[in-house]
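Remarks on the structure that follows.
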Amino acid sequence: MVPLLHIALLVLFVIIIYAIIGLELFSGKLHKSCFNNITGEIMDDPHPCGEDGFQCERIAYNMVCRYYWEGPNFGITNFDNFGLSMLTVFQCVTLEGWTDMLYYIQDAMGSTWQWVYFISMVILGAFFVMNLILGVLSGEFSKERTKAKNRGDFQKLREKQQIEEDLRGYLDWITQAEDIDPENEAKIIQEGKTMIMNEIDSSDNLGEDGEVQQEMWFTRKRKSMDRVNRRLRRACRKAVKSQAFYWLIIVLVFLNTGVLATEHYQQPPWLDDFQEYTNMFFVALFTMEMLLKMYSLGFQGYFVSLFNRFDCFVVIGSIGEMILTSTQIMPPLGVSVLRCVRLLRVFKVTKYWQSLSNLVASLLNSIQSIASLLLLLFLFIVIFALLGMQVFGGKFNFNSAVDKPRSNFDSFVQSLLTVFQILTGEDWNMVMYDGIQAYGGVASIGILASIYFIILFICGNYILLNVFLAIAVDNLADADSLTTVEKEEECTGEAEVNENQSGSNEATPLGITDDGFLDHEKNNMIFENGINLSDEYEINESEMKMTLSGENDEYENQELQGETYGEQITARPRRLSDISVKNSKKPIPKSNALLLFAPTNRFRVFCHWLCNHSTFGNIILVCIMFSSAMLAAEDPLNANSERNQILNYFDYFFTSVFTIELLLKLISYGFVFHEGAFCRSAFNLLDLLVVCVSLISMFFSSGAISVIKILRVLRVLRPLRAINRAKGLKEFFPLTVN
């Protein structure tokens, strides 16, 4: 929080400096406009004028430039006092409407030097100072990610050590079992030999020598076909991985993209036929590519890759689109949607462009990082949408003769859309002008309405949305590092290959022979001598499966599984959740709760057990969601409607549930006087505030005390209580705050 606070102070300092400069230079300059000298009416669509600026005589001979006009945007954007000057400078720093202010000043004073003020403000404020927020958020995210990585590495180390201990124990047990009863083993071997001899004798006694010879011929033929199949698959695999195949697919993708780009409105019939035939041609080629990869890698090896799954989806979608188009089963709209699947072929380039592939992979990995952020952003939008409904609902109906603005807070859905529009920065200042006008404009307390929009824009646009950019920047740095490492490994691998080619004997990596089988002699030697997990056990089970499935077919895999001893002897490692220390629930504080309940009090122990029960927490979370939905269902246009009265009863019920939860936690943890008390947590203080506000608004009529109307607005903080109960949000919220 401290680095972001420093940036906030710097931004405030810049805004104050430019507000004071604007106050000295442009105070009172925006209140002259063109009036009709005869009727005294102001011009349509008024704007500032001046002796050195806009000349009213250009409009009509009877138009004169004089006072008094309230100013642009209902008199909100001007430099008449320090407050309005700061608001105008902040709007310009957000890059929304700053050109309008520049032209207003030029119309009033001329276009000699005024542009220097606005250009310098945009460069210093918007391009430099505001972007420091992104740098701070990116740095904080990198720190938190490093901490999380260190914690994960520590847990992996503990898991690795536990696996080593378990494996040593299993190996000792196997060794002892072999030493205890060697005679039994010899007996089992002898019985196996006897069974084999009996089977041979029984087959001889049948006297079916011809059938046996025929079966042996089929066996030899099958083995011969398997050898041919393996050689053919090896050749196909070599062709698929060749550089020529790589560039062929790249060229086909770009040619297909070029053909798709030729489509346009009212195109001639011959172009339709050309596009249809070329589409069939490319679909056939990409289908052949998919089948070739499936044959060379095997189904298991092919579908291990996410890109291959995506490629298969695109090919199947293209084939389905061709069938539906030819049979005319689906309506034109559905066919158009399916044709969009063709555009996904462009992403095939990422498979063959390594640096681009790393970039896409890093961006996809960032989706997992922003999952909790998306939920937090949604809660943020919901809270401000509910707050906007409470404050501005039904207030934007300024003139019955004129339609109300499209951006309003008269319903929950429209309020969500308006809040999201403000987050994106699109015309957020126009919505703020309407909000200020709804409460009487700048001449009354309406200027205070700008606080809502300023907080919403700063917290949403400059903080939450910049966290997305911080995550993307961090993942792009990882992609760059990954590309650099791969280039270094490629250079190292080429050097090793050259060294190996100079020698007489070449070693096969991972103990895999040229035929695709594991070198079982080496494998057995390593196993008998004891496995060192810190060196040889770095290859996990999934990677081994990928290697084997990519190099061998089902027949080879079956043969491999029959000859590999590791899977039969090696014990299955325990899960990380079994090895790591489980998080225990929060203990009961040793001090008396509320000066009445001792730590051993049965009722307090029961309350503590109930508060920490997962079912109780889930029930409270559901109540929070339903109560938030009830707030969204209120009608701000008619406070005394029947729907609002029914929702009030639901509000009484949920307030009672939250009050009971609060009392149980106060009895369990105490109030504030000792360590671990309820009020020592910021999230618990938020719960206390929301419950107290709900109780006050429930026992007092909203029309009796004017302050109660303000307190009822604070009920929109209820969705924030979900942060304290959702694990992912609770872990991500401190990162956003910090």
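Cβ atoms here come from the backbone N, Cα and C positions, even for glycine.
The Ca(2+) binding site annotation in TrEMBL covers Glu96, Glu426. Long-range C-beta contacts of Glu426 (Ca(2+) binding site), restricted to its own chain and to partners at least six residues apart, with a cutoff below 8 Å, comprise Glu96.
Positions annotated as compositional bias 'Polar residues' by TrEMBL: 498-507.
Among the features that TrEMBL reports, domain 'Ion transport' is placed at 2-148 (among others). Across the domain 'Ion transport' (2-148), DSSP assigns 89 helix, 9 strand, 49 coil.
What TrEMBL records for 243-481 (among others) is domain 'Ion transport'.
Among the features that TrEMBL reports, domain 'Ion transport' is placed at 613-732 (among others).
The feature region 'Disordered' is assigned by TrEMBL to 490-510.
Same-chain residues lying 6+ beyond the ends of the transmembrane segment (6-26) with a Cβ under 8 Å from its Cβ atoms: 78-79, 81-82, 85-86, 88-90, 93, 105, 108-109, 117, 121, 124-125, 129-130, 132-133, 136. The feature transmembrane segment is assigned by TrEMBL to 6-26 (among others).
The transmembrane segment annotation in TrEMBL covers 82-103 (among others).
As annotated by TrEMBL, transmembrane segment applies to 115-137 (among others). If you look at the transmembrane segment (115-137), the same-chain residues 6 or more away from its ends with a CB under 8 A from one of its CBs are 3-4, 7, 10-11, 14-15, 18, 21-22, 25, 89, 92-95, 98, 101-102, 105-106, 462-463, 466-467, 469-470, 473.
According to TrEMBL, the transmembrane segment annotation covers 244-261 (among others).
Residues annotated as transmembrane segment in TrEMBL: 281-303 (among others).
Residues or ranges marked as transmembrane segment in TrEMBL: 367-387 (among others).
Long-range neighbours of the transmembrane segment (436-459) within the same chain, counting only residues 6 or more positions beyond its ends whose Cβ lies under 8 Å from a Cβ of the stretch, are 74-76, 83-84, 87, 90, 94, 380, 384, 387-388, 391-392, 395-396, 398, 419, 422-423, 425, 428. Under the heading transmembrane segment, TrEMBL lists 436-459 (among others).
The transmembrane segment annotation in TrEMBL covers 609-632 (among others).
Taken from TrEMBL, the feature transmembrane segment applies to 652-673 (among others). Long-range Cβ contacts of the transmembrane segment (652-673) within its own chain (Cβ-Cβ under 8 Å, at least 6 residues beyond either end) map to 586, 588-589, 591-594, 597, 603-604, 607-608, 610-611, 620, 623, 626-627, 630, 679-680, 684, 687-688, 690-691, 694-695, 698.
Marked as transmembrane segment by TrEMBL: 685-711 (among others).
Residues of the same chain lying 6 or more positions beyond the ends of the transmembrane segment (82-103) and with a Cβ under 8 Å from any Cβ of it are 11, 14-16, 18-20, 22-23, 72, 76, 114-115, 118, 121-122, 125-126, 129-130, 425-429, 442, 447, 450, 454, 457, 461. The Cβ of Glu96 (Ca(2+) binding site) has 18 other Cβ atoms within 10 Å, all protein chains considered.
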